[in-house]
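Chemist: Before I ask anything, here is the structure I am working with.
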Amino acid sequence: MHEKRNKIWVYGCMVMIVFLSSFRAPDLEVALNYAVPGYIQIIQSLSVPLVLLCMLLSIFLMVNIESENAEISTSLLLCFFVFQVIILLTEFSRQNNLQDFLIRLIFSTVTFFYFLKVVGKLPLYKANDYSILKAFFWGSFVFICLNLLLHKTGLATVMWKGRLFGLTAHPNFLGICAAIETVLALLFFMEEKKWKNRVIYSVGAGLGAYVCLLTLSRTSMLGVVSAGFAFSCVAMKNSSFKPFFMILMVFVSVILIANITADSLDYADRGNTREQTWKELYEDVAKLPIVGKGRTGASTNAYMFAIVAGGIVGAIFFYRSLFGAMASAYQDLLNTKNFRRLAYLSILTLVLVTSVFEGYLLDTISIPAFTYWMLLAVTKQLA
């Protein structure tokens, strides 16, 4: 009885962690008329300590809960944690801010142990029971619904230059959160047998896709399409509908991307600056820095930004975690229809594609960053 109650608390904390992890406020220079109610401002300012509290509570509760997995993924989590620590040490050496370094180190350490000792011991998916994927869905779903509610009711001013910032620091950031929620909803819709639950997941997918459109984030749209494409390639391998479905996915992605112009992305009179930021990142990467310079400057490509921020030494650990996750996803993939592996493949594909255009894999706390931590924690469950 106590173990079951503790497990419910753990999953409840996981939903709260996902929900709270992406609360941010943009700089006023980026969104001049941005305004949210006072209670939202309180959540934005307290989200990090609340997430930390939920993590610590979950770690404490898991002491009395038996692991449901024979093996726990340790090496990939450890590599990513070492990468995070290297970046923190690099930033400390440049900024010499001991208090900030210790706070970030404590949070990163707790995050590592949370995904190792809590997430790694729980099932990735169970059809009629609690699971990690369901907790991530509900946390992100509530977050997306709150963003839409504040926008549509006029309780907050979260639009600027035609793009939805929501409760995050940037429209692209909200778009990635919505893309993850959309893919999770679509995955559950495909797997669910009960029509009532399918209605819930279809609503979740529709709202998530709608938020992606409101943010005008091409990256998020491409991520959703890529995840669906990867899922269809494997799950529908014996279906005569597969070729038409794949052509439709490609056509939709091309239409979505082509019809969002650089002018429509000019939310702060900057135009589309990715070409320039990629050039700057490439110039820094070409120097092959042994030691990085921390999370400063352009971050529009996680793969290059990892080298710039952590140097060659740090990037080795980052790419070890990345290639390990890819190996787990793609190993013997064509011979399985296991939903856990298909879901893992879809989410990882979204992460891999969107990370070409965004640097969120280097974030300390966010729905996308925690999604990557989660993928690293459950690789042993794919066997």
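Positions of Cβ are set from backbone N, Cα and C atoms, glycine also.
TrEMBL does not curate its annotations; it predicts them automatically.
Below are the features listed in TrEMBL for this protein:
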TRANSMEM  9-26  transmembrane segment
TRANSMEM  38-63  transmembrane segment
TRANSMEM  70-89  transmembrane segment
TRANSMEM  101-120  transmembrane segment
TRANSMEM  132-150  transmembrane segment
TRANSMEM  170-190  transmembrane segment
TRANSMEM  199-216  transmembrane segment
TRANSMEM  244-262  transmembrane segment
TRANSMEM  302-322  transmembrane segment
TRANSMEM  342-362  transmembrane segment
Chemist: At a C-beta cut-off of under 8 Å, are there same-chain residues at least 6 beyond the transmembrane segment (170-190) that contact it? List them, or none.
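Modeler: Result: 22, 24, 26, 30, 133-134, 136-137, 140-141, 143-144, 147, 163-164, 197-198, 201-202, 204-205, 207-209, 211-212, 215-217, 219-221, 223-224, 227-228, 231, 235, 267, 339, 342-343, 346-347, 350, 354, 357-358, 360, 366-368, 371.
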Chemist: Between the transmembrane segment (38-63) and the transmembrane segment (101-120), are there three or more CB pairs that fall under 8 A, provided the residues in each pair are separated by 6 or more in sequence?
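Modeler: As far as Cβ distances go (cut-off 8 Å, pairs 6 or more apart), the transmembrane segment (101-120) and the transmembrane segment (38-63) touch.
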Chemist: Which stretch, 9-26, 38-63, 70-89, tops the Cβ pairs under 8 Å count with the transmembrane segment (132-150)?
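Modeler: By the under-8 Å Cβ criterion, the transmembrane segment (132-150) pairs most with 9-26.
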Chemist: Under an 8 Å Cβ to Cβ limit, what residues of the same chain, 6 or more beyond the ends of the transmembrane segment (9-26), are close to it?
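Modeler: Same-chain contacts beyond the ends: 34, 36, 41, 43-44, 47, 50-51, 54-55, 57-58, 61-62, 65, 118-119, 122, 130, 132, 134-136, 138-140, 142-143, 165, 167-170, 173-174, 177, 365-367, 369-370.
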